[in-house]
Amino acid sequence: MAQPVEISFTSTTTEGLAERTGRVAILVGENGRLPGGLPRLARSAATRALASDAWKDVKPGSALELAFPAGMEAEALQLINLPRRAEVTEARKAGAAIGARLGKSGATVLAGNHPRAQEVALGIALRAYDFDAYKTRKSDGDAEAEARTRGRVTFMHDDPDAMARAATEGAAVAEAVLFTRDLVNEPANVLTTSDFADRLLAMRELGLDVEVLDEDALGKLGMRALLAVGQGSESPSKVVVMRWNGGGDEAPLALVGKGVVFDTGGISIKPAAGMEEMTMDMGGAGVVAGVMRALALRRARANVVGLVGLVENMPDGKAQRPGDIVRSMKGDTIEVINTDAEGRLVLADVLWYAQERFKPRAVIDLATLTGAVIVALGHDNAGVFANDDALASTLLNAAKAEGEGAWRLPLGQPYDNLIKSRLADMKNSGGRSAGSITAAQFLQRFIGKDVPWAHIDIAGVALPPGETTLAPKGATGWGVMTLNRLVRDNYELPPETSPFSKKMKKG
Ligand code: BES
Ligand code: MN
Ligand code: ZN
């Protein structure tokens with residue numbers, strides 16, 4: 001697990017500012033006022049900076065930097081433009097400006113009584129992430145300090161206790177996003193199906209109910225489509241069910257994730273160039289796991305069940321072939337035209353199982369499902385499909401509020417016609433045209449008639465080619481924040497009826 005940056009809160013003090021090492025960041029509101037306690041020379045430099053033309057070009061959430069300010073031990077003074085009513089996304093971006101440049105000697109943030117300070121803290125935590133588990137370092141003594149490439153962050157705030165309270169939800173969300181990023185960044189020789197299942201089982205200690213179904217159990221359930229994908233791998237296929245029951249008797253929201261720990265394409269093998277990226281093909285499962293972690297950490301007053309299908313898609317003497325016909329748990333037969341269209345085979349069975357067993361209020365699946373969604377939307381928007389307009393807009397609104405790009409794409413009978421098979425009930429590939437849509441049509445065949453359902457194709461956003469506002473190059477954890485908000489704003493009970501608040505009153 002990558003080490004998260006440590007963030008603490010102390011009261012605003014004018015003493016000792018000159019002696020702070022590392023970086024000192026100031027949240028500058030629309031009144032342009034500087035906090036007290038800045039050493040005289042640094043203060044006059046900062047005052048000039050705020051009066052300059054350069055400052056006029058600094059947008060909300062961005063920073064102007066003064067290097068090695070006179071009279072201070074800090075290596076830099078960061079002036080951050082953050083109006084008091086800045087958008088949440090702007091405040092997180094401001095945090096990212098601090099987190100991206102955070103060195104070993106840490107940072108001090110002068111937050112005053114800024115109402116968006118806790119969002120700044122979240123931005124720091126997300127952007128200061130660094131997956132360096134496999135970078136060998138010389139160990140010369142202090143192992144803990146050695147393990148930290150990023151120093152501590154101290155917020156000076158007029159009411160540090162209130163800020164610490166306000167920041168707890170953000171801390172839960174940050175931990176969850178980092179958990180997802182770690183999973184997605186891990187290589188496939190480490191994150192096998194069994195290792196993945198073990199990491200999910202470990203979340204029992206957070207109060208999640210976690211159950212692992214092995215190949216025997218999956219066989220008895222009739223999940224032949226899922227099992228066919230994994231049958232060429234040495235790693236056993238698994239389905240993991242994670243339950244968070246914070247919502248009384250309500251039917252749960254079901255989240256379903258594609259967890260292909262490595263996708264070679266199988267017998268329809270992928271070209272060598274770029275194949276190493278297919279360690280991220282478990283990204284949907286990673287997001288589902290991260291959301292469940294967030295819900296547990298913040299003890300959400302909602303019932304949510306997360307299901308992930310963990311398989312590895314390998315070429316082998318036992319692997320499935322193009323032309324094979326498999327029967328899904330639902331009972332429909334599938335002609336496997338292309339063994340590289342494996343994600344939909346996995347999801348078909350897990351989606352069906354989720355509905356049969358849990359009778360959910362709604363189902364949302366996440367998957368790095370198609371290269372075609374990258375052709376359509378690039379790396380800035382996930383593709384959203386839904387059979388229900390209300391669920392779609394709920395999802396798009398949550399994504400917008402969290403600053404995670406999402407764009408709806410259509411479904412419809414003409415697209416469904418493209419996956420009709422001569423031999424079976426359907427085929428698993430509709431060819432090149434509308435590749436993301438035909439994949440979604442395939443999934444929709446495994447959704448009950450009256451079940452509100454959304455499918456999110458995250459192939460482009462799970463591991464974009466460069467850094468993003470809130471993440472360094474590598475896994476983003478796209479979707480954890482969106483789905484956490486979707487649950488919070490739409491599926492949670494009022495506080496009084498929470499089983500947890502009852503427990504707390506008694507105890
Ligand atoms: N895992 C891939 C999709 C993918 C591509 C994810 C690039 C992330 C980055 C998926 O299993 C796949 O191979 N899809 C095929 C489907 C085709 C064979 C119908 C694709 O997109 O080419
Ligand atoms: Mn594939
Ligand atoms: Zn895949």
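A Cβ is built for glycine as well, from the same backbone N, Cα and C atoms used for every other residue.
Lifted from TrEMBL, the feature list:
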| type | residues | note |
| --- | --- | --- |
| ACT_SITE | K270 | active site |
| ACT_SITE | R344 | active site |
| BINDING | K258, D263, D281, E342 | Mn(2+) 2 binding site |
| BINDING | D263, D340, E342 | Mn(2+) 1 binding site |
| DOMAIN | 338-345 | domain 'Cytosol aminopeptidase' |
What does DSSP call R344 (active site) in the simple three-state scheme?
helix
Cβ within 8 Å of the Mn(2+) 1 site centroid (D263, D340, E342 excluded): which residues?
V229, V260, T264, G265, G266, S268, K270, M278, D281, N313, T339, A341, G343
What does DSSP assign K258 (Mn(2+) 2 binding site), in three states?
strand
Quick check: with K258, D263, D281, E342 left out, which same-chain residues have Cβ atoms within 8 Å of the centroid of the Mn(2+) 2 site Cβ atoms?
V229, V260, M278, M282, V311, N313, G343, V346, A367, T368, L369
Once the chains shown are all counted, how many other Cβ atoms turn up within 10 Å of the Cβ of D263 (Mn(2+) 2 binding site)?
26
Would you mind sorting out which of D263, D281, D340, E342 (the binding-site residues) have a C-alpha within 10 A of the one on K270 (active site)?
D263, D340
For a quick check of understanding: among the recorded positions K258, K270, R344, which residue's Cβ has the most other Cβ atoms within 10 Å?
K258
Of all the binding-site residues given, namely K258, D263, D281, which is spatially nearest to D340 (Mn(2+) 1 binding site) at the Cα level?
D263
Between R344 (active site) and K258 (Mn(2+) 2 binding site), how far is it from one CA atom to the other, in Å?
8
Cβ under 6 Å from ligand 3: qualifying recorded positions of K258, K270, D340, R344:
none
For a Cβ distance below 6 Å to any atom of ligand 2, name the recorded positions from K270, D281, E342, R344 that qualify, or say none.
E342
Using a Cβ cut-off of under 6 Å to any atom of ligand 1, determine which of the recorded positions K258, K270, D340, R344 qualify.
D340
Between D281, D340, which of the binding-site residues has the fewest other CB atoms within 10 angstroms in the structure shown?
D340
Only counting partners 6 or more residues apart, tell me which same-chain residues put their Cβ under 8 Å from the Cβ of E342 (Mn(2+) 2 binding site).
V229, V260, D263, G266, V311, N313
